[in-house]
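Undergrad: Here it is, the structure, as structure tokens.
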Amino acid sequence: MFFCTFSLLQLLWNYKLNLTTDPKFESVAVEVCKTTISEIKECAAEELGKGYLVSCLVDHRGNISDYQCNQYITKMTTIVFSDYRLICGFMDQCRDDINALRCGSISTGEKDIHSQGEVIACLEKGLVREAEEQLGAHAIKDDCKKSIMRVAELSSDDFHLDRYLYFACREDRERFCENTLAGEGRVYKCLFNHKFEEAMSERCREALTTRQKLIAQDYKVSYSLAKACKSDLRKYHCSADSNMPRAREARLSYLLLCLESAVHRGRVVSGECQGEMMDYRRMLMEDFSLSPEIVLHCRSEIEGHCSGLHRKGRTLHCLMRVGRGDVGAIDPDCQRALQTLIQEADPGADYRIDRALNEALIIIKFLLCCRSCRILSCLMEHLYTEKMVEDCEHRLLELQYFIARDWKLDPILYKKCQGDAARLCHTHGWNETSEMMPPGAIFSCLYRHAYRSVEQGRRLSRDCKVEVQRILHQRALDVKLDPELQRRCMTDLGKWCSEKTEAGQELECLQDHLEDLLSDCRDVVGNLTELESEPLGKTLNCSRCCAIGDIQIEALLMQACEPVIQTYCHEVADNQINTGDLMECLVQNKHQKEMNEKCAVGVTHFQLIQIKDFRFSYKFKTACKEDVLKLCPNIKKKVDVVICLSTTVRNDTLQDAKEQRVSIKCRKQLRVEEVEMSEDIRLEPELYDSCKQDINRLCQNVAFGNAQVIECLKENKRQLTQRCHQRIFKLQENEMVDPELDYQLMRVCKHMIRRFCTESEGKNVLQCLKQNKNSELMDPKCKQMITKRQITQNTDYRLNPVLRKACKADIPKFCQPILNKATADSELEGQVISCLKLKYADQRLSPDCEAQIQVILQESALDYRLDPQLQIHCTQEISRLCPEEAAAQEQTGQVEECLKVNLLKIKQEGCKKEVLNMLKESKADIFVDPVLHTACALDIKHQCAAIPPGRGRQMSCLIEALQDKRVRLQPECKKRLQDRIDMWSYAAKVAPADGFSDLAMQVMTSPSKNYILTVIGAGVALLFMGGLLCGRITKRVTQELKDR
């Protein structure tokens, strides 16, 4: 039975062989394919009788248009591909390699004829092993290689012709591709698409992988790809050229790179060809083993970290994760192989090419992105947000790591910047590289030109600059996405930021330590921060869901700030004009109730980064760059620049300069920056550094922001260290000159300023508020804040610019001893103002100074806290004698009245002296004594209406009215006035008059005024008469002497 079967098979094989060599069949072929042979020159030249003609027609069957010839050759093809030995020349060219690889017998009858397809499969696997440089791989002869690839190419039309694959995948074809018609490679493609299905048999999957690897070596092995892209390949000269950068036998790579380059340059590539390219790009991303370089150079990484993850692109993403440095180290050759594969597959142009990423984001892409947006860019904008799932986040970062290292792989960036890159960075084609300018260096070149000034020239186009900023905005989320930053800052990242592992924290950490970084790292972080601070505007072709806006912060912060943006900044957000207004709006509304902690922290970080370099603040840089270069050269820190420009503005104002040196647009923005800096002590580094110790000691429970820490330091000023005290005093001095810089005052009294001071200049705001302090419409919180500022002003004349100007001549004239005793670093605690008060009582001040002291006397008479010297010397006595009056919510002079009434009970000499001074001051003007003035208001109106206030005139008028029996004063006025006279009498005994004016005042207010004046008058008269008598005697003696 066996012998019969063997003989039959032998007879059948000989019959097939004769079919290919018999001249009769050749003559039939000549007859049937007469027209075709004449069209195909290669076949017309073949010698008859050796089977070459039929073989040649089989090779060119794709070009046969004649129906009868096509049918004949199809039948002959089935016969020829049933056994490799029937293929013309194959046996002669591959005999040695078949034996060396032990792929089977070349003798007829030793094996099942139908198993002869396994021999070709064996050779194909040997060819793949050689390409992957596997250990012990046999080097197949070049002629045999060509024959193997030719056989694979000839069988690309119909999967029946690949005998090994056909038998391996018969059941899988029925399972997955039952309705797919054979021919034109359709069944192959169907099976490829289902290669990683669980139901796919392992034998078929292995056969399909081998065929895909052959396609990777020669695209012609794919019938559909070769046919669809034939004209485009010819049109764009995409042949395997040894001069191309990657001169290997990876012709599919050449095809993809060449045609992708044409697409990226805006050339027309047929839709059918692009569809085929996308299929094979996806194929490369799905199965790493189809890339010989990956298999060759990434073996250890795959074995060590990525084993068992072969399917659906998981191994490739695992290698990307290793490449990022997330798990272990990666060999440089493996890194380069991965980068090459990413360029070949070009997943940046279409996320669907990356199956692992595509499957991870299917459930979220419609939640995040609008239809017209590029998906990958949109996904990056939503990285680390609540909508982003963890698996998608990982896949996205793994892919973006490699896209970031070749600028061409971001299609939007390449489209907008290819002209700029060619002009400024000397790039060439999409698939061309240069050792002088490698792909990773192109983006660095672009962003170096992004922040050049007009004078420096060679700037980026607007569209390209927008895309560069978009990339920087995305890279800020993860240091690993910025190759240059990662390379230059590796040491600093390890030194300063090793514990910063959350999203975006590494870049924030580097920005926080900007002054401490190595110069290379500091430069790249500085340039990145400057460019990132510039407004980006809305991403083109995207609706608001994908808009970035002019706020250069990550999507996390944008999401956190959404409530504030919707409530306070929606108009700015909706109508951005690329000016940084959105961030400015967020800063201004940082303390609104809608502001949550995440947004507040993010906005504050933004402000803290800006102070390190004025270039980091886009609006300030734009408005003041020319002024800085002219007036403040070589200054970089924003705080120092602001101080420099502010000083220039102040000096020009004080000197009444004809023209301000600082431009008006800079002055406007300078005011914004000064106000923003006053909001948080950390925004003024020198002040913060000087007061750190005091903050920890006195204000440790006070939150930063809203100027709360600064206010705490002001309230504890007497307990501050000398260095901090000096800084706080200087700050207060500036705020009193320009109250708009007093953040707490402007915040608390915001509505009152609008009500009472709309017409006042900024420098007069506090003065206006003081004048309206006692209005019934005044807000209690604002009133309390005004009182605080009044207390501050009265501690030192230097903190009251109006008084300082009015009393410029009086202070050195009357109070020089106090100034001589004071040190430059100490406050005067109200001593100068007390000195001026006494001179006011003596009526010795200039009119302007007298007017200001009168205001101070009237204010402090209503509130004892406005008199620093009284506070210092009488604190204990007030607590002992006047606790209820001091505890009153509204101060109307009751504490002062209590001290006056209890003058005899005061034990401390310092306090007694201050009360006596009060009494003395009250003689000079009744307005200084609010209790007496209130009691006698009606009497002043009736009895002293014609007498102007000041210089004690109205007080003298009332005393005269009291002593005049014909005048009847109001009982309360009479009682209060008599009490004051008694107090003054006591004061005269305890504290004798300091001078003639003081003595005159005591006389005028004495009950025995008439008697004293009569005695004084009599004495003066006697002196006068005596003088006359003495004068006449002297004159007579002189005359007698002359007569002699």
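Quick reminder: no glycine exception, Cβ is built from N, Cα and C everywhere.
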Undergrad: Coiled coil per TrEMBL: which of the ranges 500-534, 710-744 is that?
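TA: Within the set 500-534, 710-744, TrEMBL attaches coiled coil to 500-534.
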Undergrad: Going by DSSP assignments with H, G and I as helix and E and B as strand, what are the residue counts for the repeat 'Cys-rich GLG1' (777-844)?
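TA: Here the numbers are 47 helix, 0 strand, 21 coil.
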Undergrad: Could you pull the average pLDDT for the repeat 'Cys-rich GLG1' (139-199)?
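TA: Mean per-residue confidence for the repeat 'Cys-rich GLG1' (139-199): 88 out of 100.
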Undergrad: Would you list the DSSP helix, strand and coil counts for the residues of the repeat 'Cys-rich GLG1' (268-327)?
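TA: DSSP composition of the repeat 'Cys-rich GLG1' (268-327): 46 helix, 0 strand, 14 coil.
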